[in-house]
Amino acid sequence: MALSRLSSRSNTFLKPAITALPSSIRRHVSTDSSPITIETAVPFTSHLCESPSRSVETSSEEILAFFRDMARMRRMEIAADSLYKAKLIRGFCHLYDGQEALAVGMEAAITKKDAIITSYRDHCTFIGRGGKLVDAFSELMGRKTGCSHGKGGSMHFYKKDASFYGGHGIVGAQIPLGCGLAFAQKYNKDEAVTFALYGDGAANQGQLFEALNISALWDLPAILVCENNHYGMGTATWRSAKSPAYFKRGDYVPGLKVDGMDALAVKQACKFAKEHALKNGPIILEMDTYRYHGHSMSDPGSTYRTRDEISGVRQVRDPIERVRKLLLTHDIATEKELKDMEKEIRKEVDDAVAQAKESPIPDASELFTNMYVKDCGVESFGADRKELKVTLP
C-alpha cells in the first residue's frame, strides 16, 4: 500500500522538469565568453521576498564548464561505488549522483571567500570547492594523502583554504556551525556569506530552528540550503513532514524554492541569496533535487521507491543531460566533442584512483593528531594492551 501511494506521488518529481525542458535562449555573439541569456522555464517560488529574475546571464564557456565539472563528479561517484564494493572503501559512503547541479551552480555564484558547510554527502561539494580527485579518493580509502589525512573518510571531507568546513556525520549538526561561521564573517566584516547545506530529513531537527532564530535576530549572512531529494534515508517527505514546503519553514525568514537539477537556476538563486544575506540577514533556499543511489551504500534505494520513478527522473530531469541539450541545441559543442570530453574525464578519474591506491596508510600517531592537546602524554596500545604502538610527544 505504501509503495502504491509512493508510486502515485512519482509525478511530483517529474513535473518541474517536464515544464523545464523548453528554454528560450538569445545569443548575442558567437564567441565563447560572449553573454548568453537563458530564461528558466521553472519559476522560482518565494516566501517573504521577491523572486529573482528568471533570465540568467551565462556564457558558452560557463555552460561547457558546468558539463565538464558535473560529468567529473558523476564519474567520481560511480568510481566510489565500485571501490566500496571492492572493499577498498570502508565504513559509511553516501553518493551525490543526481544532485551535481547544486555543487556547480552554487560555485558559479560565489567566491572562495564565502564558506560552505554540509552534511555527510560531501564528495562533490569538495570537488566544487577546487578539491582534487586524487585527494578525494585517497580520503575515501583512508590514505595519508587524503584531504583529511585519511582520518575523515567519506563523511568528513575538508578544505579550509577554500572555506569548505566539511562534511559532518550528525544529522543537522552542521547548521548551527554554519551560522557560527556567518557570525564570524559579520563580526570580522568580511563581506562574505556562509552556505549551510542540509537534507530534507534534517529539516525537522530542532537545532535548525534554534540556529535560524539567532541568525535572524542578529541578521547573520547565513544561507540555509535544504537539499530536498525527497527521501530522508528511506522515509519520503510526506511521511516525515506535515508541511514539506521547506523554504517556508523559517516563518519570519524569507525563503525561495528552486529547481535544484538546473545548474543555471541554482546559480541565479545563490547569487540572489548572497545579495540578500549581506544586506538583510538569513534566507532559506529549498533545492528540489533527487539522488539516484540509495541513502548510503548499504541501501539499494529501491525498497521505498520504484525503479520506474528513478528512471523517470533520469530521463527528464538529469542535470548533466539538460546541460548537454543546451550545448548541442545551441551549437556550443558537438556530440563528438562531448563524448571525447567524457572519455578524458573517465581517464582522469581512473588515473586518480590508481594514484590514490599507491598512497600510504597514515602513521599510527595520526590517530591522536588534532584530538588531544600537545604534550599531554597520551599513549596508544594495541588491542591486547601489551604492545606499545605510539607515544605522543
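In case you wondered, yes, glycine gets a Cβ from its N, Cα and C as well.
Taken from Swiss-Prot as is:
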TRANSIT   1-28  transit peptide
BINDING   His94, Tyr120, Arg121, Gly169, Val171, Asp200, Gly201, Ala202, Asn229, Tyr231  pyruvate binding site
BINDING   Tyr120, Arg121, Gly169, Val171, Asp200, Gly201, Ala202, Asn229, His295  thiamine diphosphate binding site
BINDING   Asp200, Asn229, Tyr231  Mg(2+) binding site
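Sequence features annotated in Swiss-Prot and their locations in the structure.
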| residue | record | Cβ contacts under 8 Å, 6 or more apart |
| --- | --- | --- |
| His94 | pyruvate binding site | Tyr120, Arg121, Ser154, Met155, His295, Ser296, Met297 |
| Gly169 | thiamine diphosphate binding site | Phe92, Ser119, Tyr120, Met155, His156 |
| Val171 | pyruvate binding site | Ser119, Gly199, Gly201, Ala202, Gln205 |
| Asp200 | thiamine diphosphate binding site | Cys226, Glu227, Asn228, Asn229, His230, Tyr231, Gly232, Thr237, Ser240, Ala241, Pro244, Tyr246 |
Extra residues within 8 Å (Cβ to Cβ centroid of Asp200, Asn229, Tyr231), Mg(2+): Gly199, Gly201, Glu227, Asn228, His230, Gly232, Ala236, Thr237, Tyr290, Arg291
Local Cβ density at Asn229 (pyruvate binding site) - other Cβ atoms counted within 10 Å: 25
Neighbouring C-beta atoms (10 Å sphere around the C-beta of Tyr120 (thiamine diphosphate binding site)): 22
Span of the pyruvate site, taken as the largest CA to CA distance across His94, Tyr120, Arg121, Gly169, Val171, Asp200, Gly201, Ala202, Asn229, Tyr231 (Å, rounded to a whole number): 18
Among Tyr120, Arg121, Gly169, Val171, Asp200, Gly201, Ala202, Asn229, His295, the record's thiamine diphosphate binders - longest CA distance, Å: 18
Neighbour count (Cβ, 10 Å) for Ala202 (thiamine diphosphate binding site): 20
Other CB atoms within 10 A, centred on His295 (thiamine diphosphate binding site): 21
